[in-house]
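Trainee: According to Swiss-Prot, the record shows the following:
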type     : residues : note
CARBOHYD : 51       : N-linked glycosylation site
CARBOHYD : 76       : N-linked glycosylation site
CARBOHYD : 149      : N-linked glycosylation site
CARBOHYD : 279      : N-linked glycosylation site
CARBOHYD : 310      : N-linked glycosylation site
CARBOHYD : 343      : N-linked glycosylation site
CARBOHYD : 450      : N-linked glycosylation site
CARBOHYD : 465      : N-linked glycosylation site
CARBOHYD : 527      : N-linked glycosylation site
CARBOHYD : 576      : N-linked glycosylation site
CARBOHYD : 682      : N-linked glycosylation site
CARBOHYD : 732      : N-linked glycosylation site
SIGNAL   : 1-20     : signal peptide
């Protein structure tokens, strides 16, 4: 589909906004803005394209400009033949073509993908270093117009780094590992899908934020992607992305020569293996002549790699880099290599040290088209980690940072968490290599160590959900990733406001409210999950979603907290611990080696301290835990009130979808708060000085009610239930009733019911007070759009809350819950809470 057909598709997508706002267009809604007569007199009336061959990004730029002006301003721009100095026009060209066809123009230097934008009233010129840069300039101009910014501008902008990629962890069967927004848009049933429309729309969104490549499949790769029919399918994906200047790459399974090719080895130094990969690579480039390259995960979490044959990681990486070199491809090699069977009884054992231990001595041994892809922290996308020291240990090797837009450990898009402030703690961190300024962002750009290749990768994992990520507000993270990959000094809040204007419109209250909520969301989530550098206290052995702090310890995965009755934290000092601090340059090592100079927010990452240790804040560690978890949950409840203030200012579909998600988050934040506080109170025996932990005067424990057809059930882990116990029906096909007499004073209450919504069943509950039914609900979250990894157990993942507001209660009324079991779900209930107005518990 090309030319006018593509324009009609783009315009149809935009006009569909009149009927519905489902999020499919993201920040490219091109919603109408006001433009009076004076404003319209200063608008261009036609588009002039230079060398707009079919399917080129410049042709795409023209199509986007035409559709955008039609949608935003109801203005029909016409295409005119090329003229060098056409007035009342938008001219789009590459700089070289413009200079050849028109005249030389004195501009600041343009790097690959960079562009120059000049807007002077009705005349706009967009010149790119290449066609992709010209398209980026068109999107930049449209973003200005969509925000009702018609100012005169003239500036050049260049990318921070050449690599600005996204990674998809899509599997060949159509599932997505750590994906929370539906099934794959690329694969189904072992092959590439036929419908490329979502792929094209995804490429369009990526191009608008200046992302230049997608790795389309999971790093835990399936070798069948390399079958001829799937190579042909990759060609179709590339064809859909190419008009937007987005290249594709693929992840490889290191053992493919053996598992797919029938060889007896996958030794990277074996001539037969080398020849096999060269043949595969050459074949891929016949289908995808502009393929960006490969991504490889090796010797990690069960994935095969060069270590099988006692070969180095650089020898493994160079195997693929050599095959890519004739085609100009790049090999991204993940630094996520570690031993997942560590011995916790060894005080010196430390997973955080793995990346430097594996890669530092190989510095300078990687081919020039190899980029080592390094997670922002040394463990795994935690709510807070120190900057990976590997960035300071590779001087002669290209590097890229790996971020995660998909909220694997951070609420899985069911919790609002705006990630740029977290990313900024790493990007802006000064590693002080050789006692010189060494910002991580300057290492990524190549500026610090004089490298020409490097940059950015983010695990995104969009899916078939119309919101792409499962949540409207989560798309702010994808938008911000593109903005920061282009210009990492941009302000997180300003990026958010730009995204809000493009996504939700120009209303000042909407902009201010949505800017405030996400900007406080990461601190809130950190508060009610894991504090002081202890990591996200989620279940690392199961879903990576709900609370289960015990899973951090007593296994070989190395995400230990070393918490016991007396003390907590990892001692990573040189003097008495694992020696991890010594992997940093001297100034940073000295900062973290001392308990006195280590910031509170990382104290448990670097030091093992008593629970009664006083922080710089003056609080003890345990009291900080208690306070933070209460504060975080309070903040999550505040998000609901803030969002509800926007009712009528946002279209109903997106308003209701986001409100239900925020209500869920608030309820789950209570689950998190109580689970973590109860776990550590039980461990330490140290009470909360404010008397909150374990004290819930508004609650009625389900097991204390009169039960008929229900029985008590001891929940595991214990902290996933308010009083360690819940109730379940006596069988999975019966009905249970729980009754109690209300002792609270008569009045108006919000009544919350904490229950468990298990995967594989749809129980039905009915809540009554007196002779009135307050509400009914189903345990059907797996059929809603929440998307988080489900659980078949009563635990911190399945625990949730439903709240009925403004219920009139009389003292002495009977409160009754009737639960009808279904499937594997025995209508489980934890407790009921009667909350006076303004109380959170």
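In case you wondered, yes, glycine gets a Cβ from its N, Cα and C as well.
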Trainee: Other than its own, how many Cβ atoms are within 10 Å of the Cβ belonging to residue 732 (N-linked glycosylation site)?
Mentor: 15
Trainee: At the Cα level, what's the spacing in Å between residue 465 (N-linked glycosylation site) and residue 576 (N-linked glycosylation site), rounded?
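Mentor: Rounded to the nearest whole number, the Cα-Cα distance is 50 Å.
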Trainee: In Å, rounded, how far does the Cα of residue 76 (N-linked glycosylation site) sit from the Cα of residue 343 (N-linked glycosylation site)?
Mentor: 68
Trainee: So of 343, 527, which of the glycosylation sites has the fewest other Cβ atoms within 10 Å around its own Cβ?
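Mentor: If we count Cβ atoms within 10 Å for the glycosylation sites 343, 527, the smallest count is at 343.
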Trainee: Restricting to the chain of residue 310 (N-linked glycosylation site) and a gap of 6 or more, list residues whose Cβ falls under 8 Å of its Cβ, or answer none.
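Mentor: In sequence order there is nothing to list, since no residue at least 6 apart has its Cβ under 8 Å from residue 310 (N-linked glycosylation site).
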Trainee: Nearest to residue 682 (N-linked glycosylation site) in three-dimensional space, by Cα, is which of the glycosylation sites 279, 343, 576, 732?
Mentor: 343
Trainee: Where does residue 527 (N-linked glycosylation site) sit in the DSSP three-state scheme?
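Mentor: Note: residue 527 (N-linked glycosylation site) is helical by DSSP.
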Trainee: 10 Å Cβ neighbour count around residue 149 (N-linked glycosylation site)?
Mentor: 13
Trainee: Once the chains shown are all counted, how many other Cβ atoms turn up within 10 Å of the Cβ of residue 682 (N-linked glycosylation site)?
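Mentor: Neighbour count, Cβ to Cβ under the 10 Å cut-off: 14.
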Trainee: Relative to the Cα of residue 732 (N-linked glycosylation site), which of the glycosylation sites 51, 279, 343, 450 have a Cα no more than 10 Å away?
Mentor: none
Trainee: According to DSSP, does residue 682 (N-linked glycosylation site) fall in a helix, a strand, or coil?
Mentor: helix
Trainee: 10 Å Cβ neighbour count around residue 51 (N-linked glycosylation site)?
Mentor: 18
Trainee: If you run the three-state DSSP split on residue 343 (N-linked glycosylation site), which class comes out?
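Mentor: DSSP call for residue 343 (N-linked glycosylation site): coil, neither helix nor strand.
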Trainee: Quick one: what's DSSP say for residue 279 (N-linked glycosylation site), helix, strand or coil?
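Mentor: SS state of residue 279 (N-linked glycosylation site) = helix.
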